[in-house]
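Colleague: The domain 'Myosin motor' feature in TrEMBL is assigned to 9-695. According to TrEMBL, the ATP binding site annotation covers Gly102, Glu103, Ser104, Gly105, Ala106, Gly107, Lys108, Thr109. The region 'Actin-binding' feature in TrEMBL is assigned to 572-594. The domain 'TH1' annotation in TrEMBL covers 812-1009.
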Amino acid sequence: MAEHESLEYGKADFVLLDNVSMEEFMGNLKLRFEKGRIYSYIGEVVVSVNPYRAMNIYGRDTIEQYKGRELYERPPHLFAIADAAYKAMKRRNKDTCIVISGESGAGKTEASKYIMQYIAAITNPNQRAEVERVKNMLLKSNCVLEAFGNAKTNRNDNSSRFGKYMDINFDFKGDPIGGHISNYLLEKSRVIFQQSGERSFHSFYQLLRGAPDSLLRSLHIQKDPTAYNYIKVGGQIKSSINDGADFKAVADAMKVIGFTGDEVQTVYKILATILHLGNLTFGVDGDVTLIENPKLVSILRELLSTKEENVEKAMLYRTVATGRDVIEKQHTIQEASYGRDALAKAMYERLFCWIVGRINDIIEVRNYDARVHGKNTVIGVLDIYGFEIFQNNSFEQFCINYCNEKLQQLFIQLVLKQEQEEYQREGIPWKHIDYFNNQIIVDLVEQQHKGIFSVLDEACMNVGKVTDEVFLQGLNGKLAKHAHYTSRKLSPTDKSLEFDRDFRIRHYAGDVVYSVVGFIDKNKDTLFQDFKRLLYNSANPVLKAMWPEGKLSITEVTKRPLTAATLFKNSMISLVENLASKEPYYVRCIKPNDVKSPLLFEQERCRHQVEYLGLLENVRVRRAGFAYRQTYPRFLQRYKMISEFTWPNHDLPSDKDAVKRLMQGCGFDHDVAYGKTKVFIRTPRTLFSLEEQRAEMVQRIVLFLQKVWRGTIARMRYRRMRAALVILRAYRRYKVKSYIREVNRRFKNVRAMKDYGRHVKWPTPPKVLRKFEEALRSIYNRWWAWTLIKGLSPEEALQVRAKVASLEALKGQRADLGLQRAWEGNYLVSMWDCSEDSPDTASSFTLVSSELQRKDKFMRVLFSCNVRKINRFHKAEDRAVLITDRHLYKMDPLKQYKPMKSIPLYNVTGVSVSPGKDQLVVFHTKDSRDLVVCLQGMVPANESRIGELVGTLLSHFKSEKRKLQVNIASPIQCSMNGRKCTVIVEPKINLTQPDFTKSRSGYILAVPGN
């Protein structure tokens, strides 16, 4: 959905101003600047005001907001124009270009970087490695070119001192696959001279302040820029630029782009050579010119990888060929100084062009066949120096301003002229709007035989001594009647012009006074052939490759080289032709003040820029009676919801008829004209009214869509849930049936199995049947147990019940329960327990037990065993116990098992045993006269009968429906004759039989510890 700014920020598009006047235009521009809205539109032209501060409007989230959106859908932004250019290139397969213009310090370089950043961010969604490599190098190239081509001026801390046009090549999928950079007119005079308050190129200061000490020592240079004549003016200036950090960034960028280590070292050597050249001074000894600081010659020899005598000879002599003769002509001090400066400028210019060439070699499109890969389309980005008016304007400013005239001419032709032609093409009647066409100024500069460039070239070709004054006289003679040219000779009363020095041109941006001093030399751009041969003969292959013309011998005749003016004019004509062949998009940059303040908006300063950029004429022509125009399909797409005849789709013969019906229904038919392919709206108020109606309808449509969509989602969710429930139920039934069938299959023949199915593995039940499986297992276990038990004799059944009772009571708390052996119960009857005393012992016990059975009427013997017990005098003694279904008898084995005392079984409330391997048992009674015994006399000796004793008692008590408390504890609490006491079990080494001893708290049962 489109997002529009509120009116508190002014009009986002100047076309929508109520009244088109300079006052309203400036008022709207100022309001938007003060509200932090630095971008505005004039139709499809972006007007950008330099904010002089960092703004958080270029991040990834902002990029996503503009990606793929139409120009009018979001507030004005550079990203919108970049996306429009990219869409035109990708959708319509058209080459496009973005022309960024404005004066120095208006923010053109930053704008070009943000456009590059946006294009890089929205391309290559599949993250192809080769495309990422190209994108990275295109972005990194900016960093390198800024270091070597930008400088701090009085107007701008990062002013482009060269023109740059970058073509980015895209494949058929819209991903960048390469590029090409063209550079125009590097301001090389800045190498040797800067105006007060300005610096030379960034690269010099970055090297001095950022390079490691080892590199500086190898180049014989020091960190202080004021030590070098060429850059000491800029070295004294305090600046916010961080040269040290920039040096590292540039070095990293060059490495990423693909510069080799030797190439980077050569770049540093050339920069150091230029710095040393500036400190080279000349003197005179009689008639001989000599170098006053010969140590520098040795340093230059080392840096240039050549011979010292060759350096000195090139500096002091010039080789001249006259016919077949070769003469060495010695320089005067002035000639030597001129040659030194010319060499420094030429080396830096050649270095810069070589860097651009190396970048182009690396990023050029390779192995691309249009027949296989589809058409290779291009987006061009032009970031070129803006219009300049300095205190002293020379040849460079003249060329720069000529360049801006050419670009303004292109803007007039492609925007203003096209605007008027659109009305004619669409058949819309309208009144012609006058605008200033600067073709007359372009002709003044570049016209054949009459233009300023032609007069300058003619003066340079004259034989004999040609001076700048002769050139000025030629201008006065040929351009005396031109309305846009004047000089002091033509206007004697104008004291702002100096005789024989100044001329003035009335540019579209204002009047500029140029000084002709240096025009001839700068146009000739003379560099002695000796210097070219010196550099070509260097042992450094990188440096040698920069100067191929140095291989010509002195006697070889060469054509006169083209002058700097002619080369620049040809490059500008080529550039304009290139731009004119593409679909152009414009960014017009405005500088709000000269003090780089983020708060100050200088009215007159901005007004002047608005005038010479022709922005007001652009608004007038754009409106031309119609403030807004749009193709019929696009217009319908945006506003069709306003009318019942067009929403959601119309059934009229054409989109044009649908738009007519829509506008008639809204009552705007009187304010609209209908072209062949577009609708034209006369006043902004109509557009605002349409937007208001659209916003109201969109809100209602959104609510309706939300309602319908929520209902649809609810129904879909219900159907999915219902279907899921049906599937779930069917699946659950299937899983249940499958489980039941599997259980039935596995346990089908368990009765015939030897272990009645104990080895059969149960299938894993579905989650819903886990409790059912537990119940089923329980049923099976009970059946299995019943099957086993039903075949047992009554005695065996009793023994099984006793073992089960023992297991339930003692499982996990005592180690050996004796479950694996047969439980005999009445051990004193067997000969094993009684054989130690005498053969008649067993028969004695039998007779005693028979007598007791007759007397006490018990039914059966539960358990009997020899024990060690504590008597009432706290002494340990050997006894035997006989437990029947009615009594617990204590017997003396030494007196033929004479019964000593009996305890009725109903008087026993519980038993306590320890968790160890000992045979300690405490019988608790109701009268608190507990019986403490330790079972003994077992055969084999390590047999445990505690489990059997506890299980047998529990089984018997259970059969009589009485409860017996079983405690497993250590120590064991008991009551002896009403006194509370504790029985502790302690192991002792070298003890053969367990025995009791008295302790303070009760008794200690010592058991064998080995």
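Indices start at 1 and increase along the chain as displayed.
Placed from the backbone N, Cα and C atoms, the Cβ positions cover glycine too.
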Colleague: So what's the mean pLDDT when you look at the domain 'TH1' (812-1009)?
Modeller: 87
Colleague: Which chain neighbours of the ATP site, leaving out Gly102, Glu103, Ser104, Gly105, Ala106, Gly107, Lys108, Thr109, have a Cβ atom within 8 Å of the mean position of the site's Cβ atoms?
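Modeller: Leaving out the recorded residues gives Asn50, Asn156, Ser159, Gly386, Cys589, Lys591.
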Colleague: Near Glu103 (ATP binding site), which residues of its chain come within a Cβ-Cβ distance under 8 Å, counting only those 6 or more away in sequence?
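Modeller: Listed in sequence order: Arg155, Gly386, Phe387, Glu388, Ala509, Cys589, Lys591, Gln609.
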Colleague: Including all protein chains shown, what's the count of other C-beta atoms within 10 A of the C-beta of Ala106 (ATP binding site)?
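Modeller: Excluding its own Cβ, the number within 10 Å is 26.
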Colleague: Mind giving me a neighbour count for Thr109 (ATP binding site)? Other Cβ atoms within 10 Å of its Cβ, every protein chain shown.
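Modeller: Counting Cβ neighbours of Thr109 (ATP binding site) within 10 Å gives 24.
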